[in-house]
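Chemist: Sharing the feature lines straight out of Swiss-Prot:
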type	residues	note
TOPO_DOM	1-79	topological domain 'Cytoplasmic'
REGION	34-58	region 'Disordered'
TRANSMEM	80-103	transmembrane segment
TRANSMEM	109-127	transmembrane segment
TOPO_DOM	128-146	topological domain 'Cytoplasmic'
TRANSMEM	147-166	transmembrane segment
TOPO_DOM	167-177	topological domain 'Extracellular'
TRANSMEM	178-194	transmembrane segment
TOPO_DOM	195-200	topological domain 'Cytoplasmic'
TRANSMEM	201-221	transmembrane segment
TOPO_DOM	222-260	topological domain 'Extracellular'
TRANSMEM	261-282	transmembrane segment
TOPO_DOM	283-293	topological domain 'Cytoplasmic'
TRANSMEM	294-317	transmembrane segment
TRANSMEM	337-359	transmembrane segment
TOPO_DOM	360-365	topological domain 'Cytoplasmic'
TRANSMEM	366-385	transmembrane segment
TOPO_DOM	386-422	topological domain 'Extracellular'
TRANSMEM	423-445	transmembrane segment
TOPO_DOM	446-456	topological domain 'Cytoplasmic'
TOPO_DOM	479-533	topological domain 'Extracellular'
TRANSMEM	534-557	transmembrane segment
TOPO_DOM	558-568	topological domain 'Cytoplasmic'
TRANSMEM	569-591	transmembrane segment
TOPO_DOM	592-647	topological domain 'Extracellular'
CARBOHYD	Asn604	N-linked glycosylation site
CARBOHYD	Asn642	N-linked glycosylation site
Amino acid sequence: MEDNTPRQRDPISLTSVANGLENMGAELLESLEEGRAPGSDSSPAEVGGGWSKAGPEHLGRRSLQPALRVRRFCREHTQLFRWICTGLLCTAFAAFLLIACLLDFQRALALFVLFCVVLFFLAHSLLKRLLGPKLLRCVKPLRHPCLNLWFKRGLALAAFLGLVLWLVLDTAQRPEQLVSFGGICVFILLLFAGSKHHRAVSWRAVSWGLGLQFALGLFVIRTEPGFIAFQWLGDQIQIFLSYTEAGSSFVFGEALVKDVFAFQVLPIIVFFSCAMSVLYYVGLMQWVILKISWLMQATMGTTATETLSVAGNIFVSQTEAPLLIRPYLADMTLSEIHVVMTGGYATIAGSLLGAYISFGIDAASLIAASVMAAPCALALSKLVYPEVEESKFKREEGVKLTYGDAQNLLEAASSGAAMSVRVVTNIAANLIAFLAVLAFINAALSWLGDMVDVQGLSFQLICSYVLRPVAFLMGVAWEDCPVVAELLGMKLFLNEFVAYQELSGYKQRRLAGAEEWVGSRKQWISVRAEILTTYALCGFANFSSIGIMLGGLTSMVPQRKGDFSQIVLRALCTGACVSLVNACVAGILYVPRGAEVDCVSFLNTTLSSSSFEVYQCCRQFFQSTSLEFSPEALDNCCRFYNHTICV
């Protein structure tokens with residue numbers, strides 16, 4: 001008799017999945033290797049050993065013995081395999097580098113230099129690990145207080161005499177450099193006059209910070225290897241950023257990317273932010289930040305947290321750098337908080353660096369300005385707000401940098417691109433708002449000026465008069481001071497993005513060989529003025545950044561909102577002065593290069609189209625009574641420009 005009772009289905013068990021047994025083959029290998037039954041936590045001894053003697057299981061175990069041995073061998077010699085793979089990769093790279101150098105050393109020079117730099121730091125790390133304690137024991141007898149004091153005094157005296165000798169010999173050829181030196185003195189005296197605690201100023205931090213800034217500027221601007229290296233680095237960044245066009249053209253179309261500012265410049269920020277996030281994930285950014293902060297902390301005597309924040313500001317923005325030291329913000333002193341704010345105002349973010357380079361701003365000057373601003377920000381911050389409290393972070397052992405939350409390289413790249421969307425929309429919104437406000441202010445000022453017969457009254461005109469002494473103290477020629485003062489006003493009262501965009505317009509007109517004056521309006525400024533302005537604009541020190549800074553820090557440490565509000569204006573003024581002092585240092589060190597030096601050779605060999613160099617040399621040619629130019633140079637100059645000598 002058949003049973004018509006409905007049969008109940010056996011329930012589906014998810015035990016194996018819950019226990020992590022999705023891969024049954026891997027589980028079988030593990031169970032056989034450990035000597036237990038598959039799917040069981042018991043060993044053969046516990047279950048009587050019956051399963052191991054069974055036919056199919058026993059045969060399966062014997063057939064898997066080679067795989068088990070290979071797996072066990074690999075597990076026991078993991079470190080050896082890593083060393084072998086590393087050795088093979090290094091050997092392959094060395095062979096590749098050798099072949100590249102033999103074929104064309106000039107073409108492989110950049111790769112060779114990078115290889116030497118990496119090799120130097122690896123050797124330094126190895127020697128520090130092996131010989132560091134021994135060297136410290138050898139140097140310890142030299143740390144006698146009296147000997148240490150005389151060493152510091154001798155070093156300070158040598159630095160002072162070297163600076164005086166430098167100024168005497170170098171400024172004899174270019175007296176305008178003395179104006180820039182006077183500007184540094186004026187800005188430092190003004191900051192010292194507004195210092196919170198005059199008697200507590202650490203002159204060690206101030207002098208070492210300015211000294212490091214000057215040394216970096218000397219290497220980048222004056223020495224040939226430094227100048228070539230930073231020019232090469234700037235060129236490589238420009239080439240790297242040009243790949244943005246592939247992605248933006250696909251999304252927006254080639255016509256929009258070429259003709260519309262938002263689709264041409266803003267995608268660069270997305271791409272650069274993605275690259276920075278990847279570098280942060282692999283740990284390269286943290287390594288560079290730690291090395292820079294170690295140098296500043298060892299020389300200037302600052303604390304670990306404030307130094308890390310300022311070093312991080314070279315690469316990230318004013319709200320991202322404090323994230324490096326977020327766990328320590330609640331316990332930092334007011335002086336350390338002031339340093340954090342000043343560092344944020346004195347530098348620009350790495351992602352925005354790409355946008356400014358896309359404007360045509362000199363990449364080497366932007367990179368140098370960002371690096372030089374770090375020690376200067378520490379120095380001037382300690383001048384304005386000296387330390388009078390006991391810091392908890394005098395040593396760097398207790399301070400650690402995080403490596404982010406990304407689990408893999410793709411997630412790091414994706415999160416970097418996603419985070420940049422907020423930056424891009426913020427920039428676009430600010431540009432729309434600020435340019436609209438500027439147009440309204442100019443219209444209102446023009447309306448008010450017409451009532452008293454003052455024609456052309458505008459915000460830029462007011463800034464050109466009010467800030468003209470500041471531009472002159474930077475070392476800018478007096479005829480270029482009105483334009484530079486306008487740009488400084490835009491940076492301070494609007495933002496640096498608008499100012500750099502305006503500066504790029506002046507540079508493009510200069511490179512196109514346009515006339516210098518159209519009526520009473522200057523169409524471009526000299527190369528020296530452009531370089532100094534690039535340094536002076538490199539920073540977030542503007543009134544619109546106050547809210548950004550307060551909002552970012554308050555979200556991390558809400559209980560210290562009162563402390564942040566108390567010192568934010570002082571930090572803003574200090575950050576603005578850091579950029580100005582940076583420009584003054586560049587003014588002391590700047591020397592003309594290229595056609596600006598030898599116009600005779602330039603005009604006698606190269607003159608095919610109008611450019612700034614052609615304009616400058618032709619103007620010098622028209623005004624000269626002693627220089628010898630070829631008749632062809634005269635004909636070419638007269639073809640581009642009108643002069644009485646051409647008749």
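Every residue, even glycine, has its Cβ placed from backbone N, Cα and C.
Tell me about the setting of these features in this model.
Modeler: Sequence-distant contacts of the topological domain 'Extracellular' (167-177), counting only residues of its own chain at least 6 positions beyond either end whose CB sits under 8 Å from a CB of the stretch, comprise 475, 477, 587-588, 590-591.
For the topological domain 'Cytoplasmic' (195-200), the DSSP counts in helix, strand and coil order read 3 helix, 0 strand, 3 coil.
Nonlocal intrachain contacts for the topological domain 'Extracellular' (222-260), taken as residues 6+ away from its ends with a CB within less than 8 angstroms of a stretch CB, comprise 110, 113, 267-268, 270-272, 275, 353-354, 357-358, 362-364, 366-368, 589, 591, 593.
Confidence annotation: the topological domain 'Cytoplasmic' (283-293) carries a mean pLDDT of 85 in the model.
Sequence-distant neighbours of the transmembrane segment (294-317) (same chain, 6+ residues past either end, Cβ-Cβ under 8 Å): 202, 204-205, 208-209, 212, 276, 285, 288, 324-325, 328, 332, 335-336, 339-340, 342-344, 346-352, 370-371, 373-375, 377-379, 382, 391, 393-396, 398-399, 401, 423, 540.
For the transmembrane segment (337-359), the list of distant contacts is 234, 237-238, 241, 264-266, 268-269, 271-273, 276, 302, 306, 309-310, 313-322, 325, 329, 366-367, 370, 373-374, 376-378, 380-382, 384-385, 420, 423, 427, 496-497, 500-501, 503-504, 538-541, 545, 549, 553, 560, 563-564, 567-568, 570-572, 574-576, 578-579: same-chain residues at least six beyond its ends, Cβ to Cβ under 8 Å.
Shown for the topological domain 'Cytoplasmic' (360-365): DSSP residue counts in helix, strand and coil, namely 3 helix, 0 strand, 3 coil.
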Chemist: By Cβ distance under 8 Å, which residues at least 6 away from the ends of the transmembrane segment (366-385) in the same chain are close to it?
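Modeler: Same-chain contacts beyond the flanks: 188, 191-192, 194-197, 201-202, 205-210, 212-213, 216-217, 220-221, 230, 233-234, 237, 292, 296, 300, 302, 306-307, 310-311, 313-314, 334-335, 338-339, 342-343, 346-348, 353, 356-357, 534-535, 538-539, 567, 570-571, 573-575, 577-579, 581-582, 585-586.
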Chemist: Tally the residues of the topological domain 'Extracellular' (479-533) by DSSP class, grouping H, G and I as helix, E and B as strand, and everything else as coil.
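Modeler: Its residues fall into 38 helix, 4 strand, 13 coil.
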Chemist: What is the number of other Cβ atoms found within 10 Å of the Cβ of Asn642 (N-linked glycosylation site)?
Modeler: 9
Chemist: With the transmembrane segment (147-166) as the reference, find which of 178-194, 201-221, 261-282 contributes the most Cβ pairs under 8 Å.
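Modeler: Checked against 178-194, 201-221, 261-282; highest Cβ contact count belongs to 201-221.
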Chemist: For the topological domain 'Cytoplasmic' (446-456), what does DSSP give as the number of helix, strand and coil residues?
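Modeler: In the topological domain 'Cytoplasmic' (446-456), the DSSP-based counts are 6 helix, 0 strand, 5 coil.
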